[in-house]
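J.: According to TrEMBL, the feature domain 'Autophagy-related protein 16' maps to B:10-200. Marked as coiled coil by TrEMBL: B:132-194. What TrEMBL lists as region 'Disordered' is B:217-237. Marked as compositional bias 'Basic and acidic residues' by TrEMBL: B:217-226. According to TrEMBL, the repeat 'WD' annotation covers B:258-291, B:302-343, B:344-385, B:402-427, B:515-546.
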Amino acid sequence: MANDREVLREIWDGKLPICFQLAQEEIMEIQQPDAFYVMVPRLSYFPLVTDKMKRHFLRYISQENSDSEMWLDYNGQPLKWHYPIGFLYDLLCGNDPQLPWHLTVHFTKFPEDVLLHCNNKDVVEAHFMSTVKEADVLKHRGQVMSTMQKKDHNQLWLGLQNDKFDQFWAINRRLMESHGDNEGFKHIPIKLYSDDGTCSQRLVSPKNNDGSRKTLQQMVAELYPDKHDVQLRTHGVIIPSDTPLQWLSEHMSYPDNFLHLCVF
Amino acid sequence: MEGGDWRNRIISQLQARNKYETAAFQDLITFQSRLFDNVNTLKNENLQLTLLNERIRFTGTDSVLSGTGTASNERIQALEQKILIQQEELTSMHRRRGENAQQIMSLNEKVHDLEKQLQAKDIIISENTAVIASLRAEIQMYETNMTELQGLNQVLRDEHQALQIAFAAIEDKLRKAQDENRSLVERLIKYKAKDADKMNEENEHFIKKKTEKVRKELEEAARESGSRSSGSGSSEDKILDSISQFYGTLPSKAALRFDAHDGEVNAVKWSPTDRLVATGGADRKVKLWDVAKCVVEIKGTLVGSNAGVMSVDFDSTGAYIVGASNDFASRVWTVADQRLRHTLTGHSGKVMAAKFLGEPTKVITGSHDRTLKIWDLRSKMCTETKFAGSSCNDLVTSDGAGSTIISGHFDKRIRFWDIRTEMSANDIMLQGKVTSLDLSRDNNYLLACVRDDTIQLIDLRMNTIVRSFSHESFKVGCDWSRAAFGPGGRLLSVGAADGAAYVWNTHSGRLETILKDHTSAVTAVSWHPQSGLLASVDRGKRAIIWGDL
């Protein structure tokens, strides 16, 4: 049970200051556009928070590009919109935190081979819901999601979109419950990212073979038997290695119910 | 609530994070964004104010200028300029008007054209409606016609059905009548045969009495004296006379001679009812000769065969005649109107013999193709084929029902067939090819003419040869020489190669007479069933009727 409200609230309240700047080669006005500063929730996704910024910059670009899709990069690295913002920051600037986070806005030369297209927020919603379902399959064999009604799904999504903690967690806590006689999930939905951006996803059980709770340390030893002093970061914090996996999954998962951990 | 060191560490890290990342910038960013919005709104306001200012300045200069004298000049100039502009505008307007007028004219023309087209279309439409109306009327007419015709058709169909039913009933009646007729004819024949027997009996009686009388006379005469022995010779003559009288039915002289056909005459047959003789010849015809009036009179020629006719046969009522032909077919004619009724094709060899099988609607044929076929004339098809294994030269049907068939074959055998079974029931082996068969009236004796120049009399009750007839000068003329029983079965006759017709007594085996008048081999003979007239035909074209007419 995800009942440690303090941790949840701290995680939820995490926000990042971001400074958007339009790419130099796309400015079509004499006057330089002002940089656009905004605070964004760490748990949100870029397409949900960039509407105002986009309107601001549309005035400064050539008219023929105004309908084309917008994309962002950090130091020449295109940002994948389908990852939570906080996770992207951890992955790209975790070792060298610089705030506010300077991002460049592009309207042309969409990197087709790196990014997925995102025409509107329905695409984000579809991606989010499918990830939640995947996590639920791992945790409860999909039983919780399939018993939820459509309005529950909607509430989950609207809670995230509108940054409403209570609305979101009223539904999400059902996903965080463990079912059956044994405490804990079937498997932990977890994605591990190395600092070059490659993602690996493994089947990880919350318990050891002898039935005791598995800690982060034990999992790392299982997954990286030849590496030592591996540290894992999520939500901008380095996780103590004796943290139990079950608790970690219940409290430190992103809204898509996955643990996104950066390995370094 | 679980926890431990790790939880506290996480909490403190998170708090530190939020402090560093969020709290430090929160106010700054909010303030910045407020400033950003303010800048934007101020920019907009500024723009609007500049516009307003510009407008105010323009009107301001106007009002300032009107106050002074020089200003009025400027004003006039301005007004003139305005007028100039107005005039220019006017001319351009005029020009535009002219253009518009031209456009109106062209449009009017177009409208005119369109009206014309419209009129033409109207005319076409009215024409078409008229046509449609007339077509509709026509359709109506045809529909009524059709319904009338359908009604008529229905009536006709009903009538046809009624007529069909009536026809079926009448046909049924006809069939019954025919059956009755047949039975009556059979009865008549039976009575006639009885009459003949009785007559014969009476004759015998009479002769017996006469011979008795003669014997008595002879005894008396013998008793009278031996000197009058010369008288006895005359009395012997008398006996012979009386004997010849006893054989009154024995034909002795040729009553009629005539040329029947062009070429060979193959078959001859008396009608069972009239004094009508049918002959069939190699000239592909069957001819009917009426001899009732002591002269020969041709009654009809039955044509249709494509090759020589090998055999002719009347049915029991004398109404139909069947002819077997070398063209592999058999044909049935009606005697009364001499029309060809049926052509029975199916044999693959010459048809040697064709006979009615009991009733006039069934025919049996025997062929050179070694089969016998039974035909039903009502359905006009072959109902049965019997595989005899040897070429059939002649065949007879044993009784009224036609259930037994006897056929004579090239392989010297006589075969017996039951119509209900497929196979031959029995056979008799003879010394030579069987050329013809004839059955006595009581169906007990079978006459077979054999190519070894004998005539065999077979008792059918025992299936044995009871008598054989031959003579040193008797030679069978051809493979289809026809022998025949005389009326009552006491005599038999057959034609020979030397042109004579030999007559034997059936009971005694005595050769009664040799009737020699033909110049070529006699092929067939036939006895008239009541009068005892004998008809014979030869390989020339000659036919002769023997006996007293």
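Note that Cβ sites are derived from N, Cα and C of the backbone, with glycine treated the same way.
TrEMBL: automatically predicted annotations, no manual curation.
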J.: Which of B:258-291, B:402-427, B:515-546 has the most Cβ pairs closer than 8 Å to the repeat 'WD' (B:344-385)?
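T.: Answer, by Cβ pair count: B:402-427.
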J.: Six or more residues beyond either end and a Cβ under 8 Å away: which residues meet both conditions relative to the repeat 'WD' (B:515-546)?
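T.: For the repeat 'WD' (B:515-546), the list is 189, 192, 196, 249-270, 272, 275, 277, 279, 281, 289, 291, 296, 436, 477-478, 480-487, 491, 493-503.
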J.: Using Cβ atoms and a strict cutoff of less than 8 Å, what residues sit near the repeat 'WD' (B:258-291) while being 6 or more residues removed from its termini?
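T.: Residues packing against the repeat 'WD' (B:258-291) from afar: 189, 297-303, 305-314, 316-318, 321, 323, 325, 333, 335, 338, 480, 482, 523-529, 531, 533, 535-543, 545, 549.
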J.: Under DSSP, the repeat 'WD' (B:515-546) has how many residues in helix, strand and coil?
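T.: Here the numbers are 0 helix, 18 strand, 14 coil.
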J.: Per-residue pLDDT averaged over the repeat 'WD' (B:344-385) comes to what?
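T.: Reported value for the repeat 'WD' (B:344-385) is a mean pLDDT of 90.
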